[in-house]
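What follows is a single structure, written as structure tokens, with notes after it.
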Amino acid sequence: MVKAHRCKKLSCKEQPLDPERHGRIESLDVNSSPSLLLNIALALQHVLVLSSLCALVVETLIQEVDKDRIVAYVFFNSGISTLLQSWIGSRLPLILAPSLDFLIPALALLSAQSGTAVACRGQCTEPEEPVAPAHPIRELRGMAVVAGMVQLAVGLTGLGGFALGRCGPLVLAPLLCILGFSIYREAALFCSDHWGMAALAVVLLVILSQHQHYFLRLSVFSVCKRLSVLLSVMVTCGVCAALVRWGHVHLNSVTQIVSTKRNATFIQSRNSPHSSDFVFPNDSVPWLDFPLPAPALPLLSGKSIAAGVAGGLSSSISSPAVYVVAARLLKAPVPPAHACNRGLCVDGLGSVLSGLMGAPVGLCSSVPNACVIGLSQSGSRSTVQLAGVLLLILGVSPQLAQMLCSVPLAIHGAVLGVTYTLSVATGITYFQHADVDSGRNIFNIGFTVFMSLALPRWFRLHSSFIQTGVPSVDVFLQSLLTLPVFFVGVLAFLLEHTVSGTLPERGLVRHEGTKKILSLADQQQGYSYNPNAVYDPPPLVMKVLDLSGLRTVPFCACRSPPVEEVVVTVPEMSSLLPDKDAAVSSG
């Protein structure tokens, strides 16, 4: 009795010190509804992360006077596409935004303009007849429209869902790792604007998201962890504003950093405002300007079509990878084929809409916004829908968009650097489901990761190596060969399905009933809810997709397959019952 009493006292004293319970907060799943104030703060946090991608992609490409208006157009199109994605698309809590899948082909397109050093390579001659130079913004818009058509084609034909269903752990692991590593150069470039401010933002982000449970109550820690990105950005922006006003800090713009550290020939040196102008906003930017379709149509030249096809193919690989990241962080099943196809279709519609509305880049699922789910432990669909509404508000107010995008570049770099690390970590978790001691797997993983980092880097530094004599082919090859996500997706998929190996060695298992090959990652991860509650569209959309006219190609790839009913015959049922003769003999 004494021992039992002592053990009971000991267990009561050790319970608060349990490392598995202390500091743990309850995750908000897809169908949860946070409080109104918390939901608004979480939505604003998603918008801030999106602004980091806009600072990277849009401000690098656009050096026009109406840059703030174009950024507002991007926000508006992103808001519409985000609402569609959460309603009829993949149904995951994802934000649609510009990405490196469009930035790299856009840079190849701009560098191939007639008269530039990269396009001529010292062999340009004066044309006999004057040729009107193409407008770069119109060509970029044409690239976005073509990329959207490619995304639509991949989604409607079911190719995206078909490929994702055949991606095992040894395909997803290097793909997600390279997806996270693909931003390290740009993130370091932004952080180099002021390493002190970047380090402050990173330290605050780590403390607020990981270490606060040691000295705060659980309720306060829960709020700080969920809003770690928002609070870190706000505190660091306040410190930057004070130092800039006192004259102790000088911050550079995107144009100055890119032109000086990358020797980019496609960016003109202009007296652009510094990013420190967030202290002194530009009063000439209008407060209200409803985005309308651009008066001039997108320019579909051979080079813009080539760049658009490359960007569409790469984004069709990265978007399903983002779906996997979001599902893994939500502890949900991998998206089925119909959900992946619907998501790619919404991505394509968003890219086409962006090109027609005047934005120079397409849209796909945002990697950092998906990774914020892991940082904040909040994956509510209502939060993402509210973020889409906030993006629509920013889209009709260029002044608000300018104020949001005037965050110092060092803070943008810190946000991108911390959020993308979760994609790398999510990819590493897939290695546990395969035989990592197998020589086949060691070669496939090492070869895929190394080549996907080395070859795009080499082709980016030696852009004059590709010279076929056809400018559109040069742009297409230069775009594809400098896209690390495209490289890793193709290499990992080919090696996985061409190098022989057993199913357990590859992290796969054959289902006994259906004889289908499934991933061990899907079998071993504990799901917290029914997959249909995550990926099935609303009943109204399901009724529309079930119409007789939409049951054929190209809409059949977006419909959920009918449920297969297993009929048990009488002999099969009798075989499950004990044998009477055997029972008698045993008795």
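Every residue, even glycine, has its Cβ placed from backbone N, Cα and C.
Curation plays no part in TrEMBL annotations; they are all automatic predictions.
These features come from TrEMBL:
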TRANSMEM  36-58  transmembrane segment
TRANSMEM  70-88  transmembrane segment
TRANSMEM  143-164  transmembrane segment
TRANSMEM  170-188  transmembrane segment
TRANSMEM  195-215  transmembrane segment
TRANSMEM  227-246  transmembrane segment
TRANSMEM  383-401  transmembrane segment
TRANSMEM  407-430  transmembrane segment
TRANSMEM  442-459  transmembrane segment
TRANSMEM  475-495  transmembrane segment
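Count of Cβ pairs under 8 Å against the transmembrane segment (407-430): among 70-88, 195-215, 383-401, the largest is for 195-215.
For the transmembrane segment (383-401), the neighbouring stretch richest in Cβ pairs under 8 Å, chosen from 36-58, 70-88, 442-459, is 70-88.
Tallying C-beta pairs under 8 angstroms between the transmembrane segment (170-188) and each of 70-88, 195-215, 227-246, 442-459, 475-495 places 475-495 first.
Using a Cβ-Cβ cut-off under 8 Å and counting only residues 6 or more beyond its ends in the same chain, the transmembrane segment (70-88) has close neighbours at 50, 54, 58-59, 62, 64, 94-98, 289, 291, 342-343, 346-347, 349-350, 353-354, 357-361, 363, 365, 381, 384-385, 387-392, 394-398, 401-402, 405, 537-538, 541. Only pairs six or more apart in sequence are counted, and the transmembrane segment (195-215) with the transmembrane segment (143-164) gives fewer than three Cβ pairs under 8 Å, not enough to call it a contact. Taking every listed stretch (143-164, 227-246, 442-459, 475-495) in turn, the largest tally of C-beta pairs under 8 A with the transmembrane segment (36-58) is reached by 227-246.
For the transmembrane segment (442-459), the list of distant contacts is 170, 173-174, 177-178, 181, 431, 436, 465-466, 478, 481-484, 487-488, 491-492, 495-496, 499: same-chain residues at least six beyond its ends, Cβ to Cβ under 8 Å. Nonlocal intrachain contacts for the transmembrane segment (227-246), taken as residues 6+ away from its ends with a CB within less than 8 angstroms of a stretch CB, comprise 41-42, 44-45, 48-49, 194, 197, 200-201, 204-205, 208-209, 276, 278-279, 372, 375-376, 407-408, 410-411, 414-415, 418-419.
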